[in-house]
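Participant: In case it's useful when we look at the structure, here is the feature table from Swiss-Prot:
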{"type": "TOPO_DOM", "residues": "1-8", "note": "topological domain 'Cytoplasmic'"}
{"type": "TRANSMEM", "residues": "9-29", "note": "transmembrane segment"}
{"type": "TOPO_DOM", "residues": "30-365", "note": "topological domain 'Lumenal'"}
{"type": "CARBOHYD", "residues": "ASN50", "note": "N-linked glycosylation site"}
{"type": "CARBOHYD", "residues": "ASN54", "note": "N-linked glycosylation site"}
{"type": "CARBOHYD", "residues": "ASN61", "note": "N-linked glycosylation site"}
{"type": "CARBOHYD", "residues": "ASN212", "note": "N-linked glycosylation site"}
Amino acid sequence: MRQNRRASMIVNRILITLIVLVSLSFLFLRAGPKFSEADRACIQDEWQENKSLNVSSEINNETYQIVFADVQKEFKWIFLPKEISGNPDILMIVSSNRDNFARRNVIRKSWMNSDKNKIVAEKRMKILFLVGVNSENEKENTVVLKEAEVFGDIIVVDLEDNYQNLPYKSLTILLYGQSKTAESVKLIGKIDEDVIFYPDQLTPLINDGTINMSISAIYGEKWNAGVEVSNKDETNKWFIPKYSFKCQLLPSYLSGPFYLTTRKAAERILKSTKHRKFISVEDVFITGLLAGDVGVEKKQLPSMYMYDETTTDTAKAEILAWHNFKNNAEFLESWENLRLSRCKACRKSRNFRGSRSQLDEERNQ
C-alpha cells in the first residue's frame with residue numbers, strides 16, 4: 001500500500017514538473033527574438049492606402065463583403081437567428097464545422113446551458129454558432145439549415161469551411177456582432193468548438209476592470225512581438241508567403257482559439273482589412289496585424305490555456321478557457337468536473353447545481 005502511494009506521489013510530481021516545463025517553454029516562445037524598430041518599420045511599410053477600395057461591411061441585408069488589398073469577396077447570410085432578445089453585454093460566437101452536430105450539442109449542454117451558467121441565465125451573454133456551407137453540397141446544407149431552424153442558434157453563411165478561410169470566418173463573426181446586434185452588445189467573443197469555457201469567470205474580470213468593454217481592446221492569451229514568421233516550408237500550417245508579408249518577425253497577437261473583442265475594436269478592425277494583403281494565419285492576421293494597424297490594445301487574460309499540454313484535468317489552477325483535443329464525452333465530463341474544482345465564479349453562482357447526477361442523465365440521453 002505504501003509503495004503504491006509512494007509511486008503515485010512520484011508520478012504526480014513528474015506530471016507537475018512536466019506541466020511547469022511546458023508552461024515555461026511556451027512563455028519563452030511567446031517572448032520570441034528581440035523585436036526592433038526595424039521590425040516595426042517593416043510591418044508599417046506593408047500597410048497600403050487603397051482609397052479606392054470599400055471597407056469590409058454589409059452590402060445589404062442578405063450579403064456582405066470582406067475586403068483585402070489583394071482580394072475582395074462577397075458572401076451571403078443564408079440563415080440568421082431571430083433578433084437577439086434582451087440587452088446582452090456579450091455575444092459569443094462559436095466557429096463551428098458544418099458536420100459537427102454532436103459537438104454543438106455538447107456545447108449546448110455545457111457552457112451554453114442557462115441552467116449551469118448564471119451569466120447566460122441572466123441574458124447578459126448570448127451564444128451563437130457560425131457555420132459555413134458549400135453551396136454545391138445541397139444534401140449536407142439541408143441538414144445544417146434544419147438544425148438552424150430547430151435550435152435557432154446558428155448563423156449560416158456560404159463560406160466553405162477550411163483552414164485557408166478562417167480569416168473570412170472570424171471577420172464574419174466581428175461583422176455580425178457589429179452590424180446585426182443591438183448597441184447593448186459591447187463585447188464580441190470568437191471561440192473554437194474545442195475550447196472548454198466557463199462564461200461566469202468573465203463576471204469578476206469585468207467587475208474588477210480587467211476587461212473594459214468601453215475601450216478599443218482585444219483580450220485573450222497574448223504572444224509578445226518577435227515570434228518568427230514561417231515563410232519557408234509551404235506545408236507548415238502557419239506558412240506565410242513572402243509576397244503576402246515580407247517581414248521576418250510578427251507583432252504581438254492573441255491565440256486564435258479564444259479571444260474577446262470590444263465592439264469599438266471590431267469596428268476598427270473591419271475598416272482596416274483593405275490595407276493589408278490576405279494572410280491565412282487568422283490569429284496573427286486579425287489580432288496582430290489588423291488590430292495593431294488601428295491602435296487596438298492587446299491584453300492578456302488570466303487562466304488561459306490555449307495549448308492542450310499547458311494544463312491537465314488533475315491540475316488545480318483556475319480555468320477561464322482551455323483549448324484541448326478531447327472527444328465529445330471527455331469534453332462534457334471535463335467541463336462538468338472542472339466546474340466543481342477550478343471555476344471559482346461558478347461555485348459562487350446561484351445557478352450552480354450539482355452536476356454529477358446531471359452528467360449521468362445527459363450521458364444516457
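Cβ coordinates are placed from backbone N, Cα and C, and glycine is handled just like the others.
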Participant: On the three-state reduction of DSSP, what should I expect for ASN50 (N-linked glycosylation site)?
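Facilitator: Where ASN50 (N-linked glycosylation site) sits, the three-state DSSP reduction gives coil.
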Participant: Measuring Cα to Cα, tell me the gap between ASN61 (N-linked glycosylation site) and ASN54 (N-linked glycosylation site) in whole angstrom.
Facilitator: 17
Participant: When you measure from the Cβ of ASN54 (N-linked glycosylation site), which residues in the chain that are at least 6 apart have a Cβ under 8 Å away?
Facilitator: GLN65, VAL67, GLN72, LYS274
Participant: Please compare the glycosylation sites ASN61, ASN212 by how many other CB atoms fall within 10 Å of each one's CB, and tell me which has the fewest.
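Facilitator: Checked ASN61, ASN212; of these glycosylation sites, fewest Cβ neighbours within 10 Å: ASN61.
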Participant: For ASN212 (N-linked glycosylation site), what is the secondary structure by DSSP, using just helix, strand and coil?
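Facilitator: Where ASN212 (N-linked glycosylation site) sits, the three-state DSSP reduction gives coil.
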Participant: Taking the Cβ of ASN50 (N-linked glycosylation site) as centre, how many other Cβ atoms lie within 10 Å?
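Facilitator: The answer is 16.
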Participant: How many Å lie between the Cα of ASN50 (N-linked glycosylation site) and the Cα of ASN212 (N-linked glycosylation site)?
Facilitator: 32
